[in-house]
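Since the structure comes first, as structure tokens, the remarks are kept for the end.
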Amino acid sequence: LQTMSGNEDDWLALKPREPSPSQCCGSGCKPCIYDVYEKELAQWERAKAKQDKSLLMEKKEQSNNSELNPDTFTAFSISSVEQLTEDTYQYRFELPGNSSLQLSLGQHIVLRGVVNGLEVQRAYTPISPGYAEGYFEVLVKCYEAGLMSQYIKTWKKGDTVFWRGPFGGFPYQPNKHGELLMLASGTGLAPMLPILQSITDDEEDETFVTLVGCFPTFDKIYLKPLLQDLARYWNVRIFYVLSQETSLEKLPWSYQENTYTGHLNEDLMKTIINSCRRKPFVLICGSSAFSEDMSKYLKAAGIEENSCFVF
């Protein structure tokens with residue numbers, strides 16, 4: 001190995017930079033961006049101790065082989081952009097040939113964006129089935145003041161975007177639970193869809209599913225045609241809770257009987273749980289405030305903590 005006795009400045013320039021808090025998506029990824037930093041720092045320290053820069057060569061920030069990887073970011077190209085509601089978009093990314101992401105159910109991937117020179121990372125769960133070939137799709141809600149949203153709003157077809165993963169996931173097994181009760185707020189619908197689709201695609205899986213989608217208004221319910229299709233299965237029920245609708249009369253009649261106005265509160269939770277056909281195992285995804293409220297209401301309804309999973 002060629003050794004170089006580079007001076008201090010050279011080595012300092014090569015030292016990995018500690019991530020800023022905005023770069024951590026807070027979803028408990030393994031490895032977290034801080035783990036990756038620790039690993040790179042240790043590698044840098046070893047190389048510096050030996051004064052051998054070639055020991056840093058194995059470090060690769062980005063990969064272009066289109067394989068998703070938890071440690072490094074991989075470039076994926078946007079093949080379509082579809083606006084679903086005024087602030088929600090569905091993005092489709094290309095995968096080479098007929099390869100698939102091979103995600104387990106409910107797993108998320110982490111997006112890296114740079115806004116005004118600041119690197120930001122956020123976790124998203126693809127809504128396409130894990131076995132989808134040649135593409136994957138992500139549902140994104142853009143917030144007016146959100147840093148990542150400012151970056152995402154600039155995306156157009158053909159742009160390249162960097163992802164790493166997969167992380168997390170809900171260890172779903174067919175027929176393990178008698179009934180799954182899915183409580184989703186807004187884009188919290190994302191991790192529920194692959195699980196729901198895997199149940200409806202598997203004729204041997206007889207798990208009952210009750211999905212409760214919480215949205216502000218009827219217009220803001222995402223992916224209505226897909227949800228309507230899923231609700232036709234014998235073992236699937238879908239309810240909507242619309243916090244800003246005051247009356248059900250304006251809704252299409254097919255939605256009136258399975259929609260509630262107002263918020264998903266303790267009373268409504270008890271009503272829904274009592275209507276479940278078996279004792280449910282509960283999946284929760286939404287804001288941290290939503291998750292806290294749901295956990296509280298479930299407890300009041302007699303559902304133990306070990307019968308819940310929060311994404």
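Quick reminder: no glycine exception, Cβ is built from N, Cα and C everywhere.
Keep in mind that TrEMBL annotations are predicted by a computer and have not been checked by a curator.
Quick caveat, the model's predicted, so the values are computed rather than measured.
What TrEMBL lists as domain 'FAD-binding FR-type' is 71-173.
Sequence-distant neighbours of Lys141 (FAD binding site) (same chain, 6+ apart, CB under 8 A from its CB) are Asp87, Thr88, Ser149, Gly186, Thr187. Marked as FAD binding site by TrEMBL: Arg122, Tyr124, Leu139, Lys141, Met148, Ser149.
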Worksheet entry | Fewest other Cβ within 10 angstroms of its own Cβ, chosen from the binding-site residues Leu139, Met148 | Met148
Worksheet item: What's the most sparsely packed of the binding-site residues Arg122, Tyr124, Ser149, counting other C-beta atoms within 10 A?
Response: Ser149
Fill in: Chain-mates of Arg122, Tyr124, Leu139, Lys141, Met148, Ser149 with C-beta within 8 Å of site centroid, FAD
Leu111, Val138, Val140, Cys142, Gly146, Ile152, Thr187
Worksheet item: In Å, how large is the greatest distance between any two Cα atoms among Arg122, Tyr124, Leu139, Lys141, Met148, Ser149, the listed binders of FAD?
Response: 14
Worksheet item: By DSSP, how many residues in the domain 'FAD-binding FR-type' (71-173) are helix, how many strand, and how many coil?
Response: 6 helix, 51 strand, 46 coil
